[in-house]
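Asks: Here it is, the structure in full.
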Amino acid sequence: MIRKVIFFVAGVFLSASLIVMAQSITTNNEQNTYKQLARFGDIFERVRTQYVTIPDDQKLIENAINGMLLSLDPHSSYMDAEKAKDMRDSTKGEFGGLGIEVTMENNLIKVVSPIDDTPAAKAGVLAGDFISKIDGKQISGQTLNEAVDQMRGPAGTPITLTINRFGVDKPLDIKIVRDIIKVKAVKYRVEGDIGYLRLIQFTEKTFSDLQAAIKDIQSKIPTDKLKGYVLDLRLNPGGLLDQAISVTDAFLNKGEIVSTRGRKQNDVMRFDAKLGDLTDEKPIIVLINGGSASASEIVAGALQDHRRATIIGTQSFGKGSVQTIIPLGENGALRLTTALYYTPSGTSIQGIGITPDIVVEQPLPEKYKGYDVTLGESELRGHIKGKQESDKGSGSAAFVPRDPKDDVQLNEAYKLLRGEITHAAFPPDPNKVF
């Protein structure tokens with residue numbers, strides 16, 4: 001009994017010692033941080049007082065902030081008040097510009113996806129293109145926000161993008177006229193006995209537009225004739241998390257849709273489906289490719305894990321991180337990566353992507369042969385390395401032909417839904433566990 005007490009007391013002293021040590025380490029770390037900040041202040045003062053020309057203090061500070069955020073990952077950034085407003089406008093589905101989703105890679109702007117029916121898409125800008133110049137001026141050394149700011153502008157104004165395209169010997173100058181970009185969140189059509197749903201982007205209107213599209217399809221195809229739906233998420237760069245959750249919920253009656261996990265062990269949020277499948281549990285085939293990112297992967301991953309849909313296409317982009325927009329009042333906003341998201345099976349797709357149940361490659365037209373249209377998170381410099389990421393990486397070709405007749409992936413989906421061909425992965429086995 002005495003020995004037990006002694007051990008207990010020893011444990012208390014040991015714990016107390018560890019607490020003192022931890023406090024000491026914390027204090028030392030804080031002191032070191034303040035020293036580094038003092039060093040920054042010293043350098044800042046020397047630059048503003050000794051540089052050959054008088055610099056703009058605000059630009060110096062903003063660029064320092066951007067440098068700090070860019071050192072974290074490709075998706076964290078600072079936005080001044082004007083850029084924060086532009087970001088809010090884009091999530092509403094309407095803004096002035098070219099209509100391309102871009103990221104930064106090797107000091108160049110890389111096109112993730114041109115949005116359908118926008119000036120950039122009509123002018124021939126392709127996923128995977130690198131923008132090296134804007135109106136003849138090199139953009140190397142600029143931040144992503146600075147380059148995007150130059151590409152946006154009033155409708156009717158011209159802009160010339162100099163494009164470096166893999167497989168093309170010389171840079172291409174593509175002239176584009178800016179327009180008001182009204183992103184139609186959902187496009188749909190009736191294909192005989194099949195409902196085709198294409199989600200362009202996850203904006204504030206995506207779920208409501210999807211509801212309306214499904215309702216209209218159901219009014220045009222009798223229930224006993226409707227074979228199912230094709231949900232096309234190819235070239236969809238993502239968008240709002242809440243819209244991805246609502247869209248997924250439209251096809252489920254129960255179960256987890258997605259979970260997000262932050263830096264702390266208890267920093268976990270789970271989102272579950274509610275009763276009510278809008279498609280009356282009709283068969284669903286989801287199409288993905290290297291241009292399917294973020295919110296698109298949440299939808300595809302959840303429907304795949306719950307065996308609600310069969311996924312066709314090629315490996316998706318692999319962006320499994322969540323960005324939180326932190327308002328800074330009149331000083332703009334901070335776009336900061338705060339969590340990773342996980343599919344219902346507990347899988348993080350960061351740097352991996354969603355693997356289709358049925359891999360179907362889309363052949364490139366002759367003029368693009370030898371051109372690399374592969375997109376993937378794992379290729380981005382400074383990306384957060386996923387726990388399950390391998391040398392294989394993420395992503396695949398990001399190309400969809402304009403003519404549905406040439407769309408091999410889409411036609412594969414139609415044939416499966418109509419029973420013209422069979423595959424073990426369709427329909428998915430609902431009894432198969434994660």
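The first residue you see is number 1, and the count goes up from there.
From the backbone N, Cα and C atoms, a Cβ is placed for every residue, glycine too.
Swiss-Prot feature annotations, pasted as is:
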type: ACT_SITE; residues: Ser294; note: active site, charge relay system
type: ACT_SITE; residues: Asp305; note: active site, charge relay system
type: ACT_SITE; residues: Lys319; note: active site, charge relay system
type: COMPBIAS; residues: 383-392; note: compositional bias 'Basic and acidic residues'
type: DOMAIN; residues: 86-166; note: domain 'PDZ'
type: REGION; residues: 383-406; note: region 'Disordered'
type: SIGNAL; residues: 1-23; note: signal peptide
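I would like each feature placed in context: is it buried or exposed, what are its neighbours, and how far apart are things?
Replies: In this view, Ser294 (active site, charge relay system) is surrounded by 26 other Cβ atoms within 10 Å of its Cβ, with every protein chain counted.
Look at Asp305 (active site, charge relay system): DSSP puts it in a helix.
The DSSP secondary structure for Lys319 (active site, charge relay system) is coil.
Residues of the same chain lying 6 or more positions beyond the ends of the compositional bias 'Basic and acidic residues' (383-392) and with a Cβ under 8 Å from any Cβ of it are 73-74, 318, 320-321, 337, 340, 347-352, 377.
Looking only at the domain 'PDZ' (86-166), the predicted model's pLDDT averages out at 87.
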Asks: What does DSSP say about Ser294 (active site, charge relay system): helix, strand or coil?
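Replies: The three-state answer is coil.
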Asks: If you draw a 10 Å sphere around the Cβ of Lys319 (active site, charge relay system), how many other Cβ atoms fall inside it, taking every protein chain shown into account?
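Replies: Taking every protein chain into account, the count is 31.
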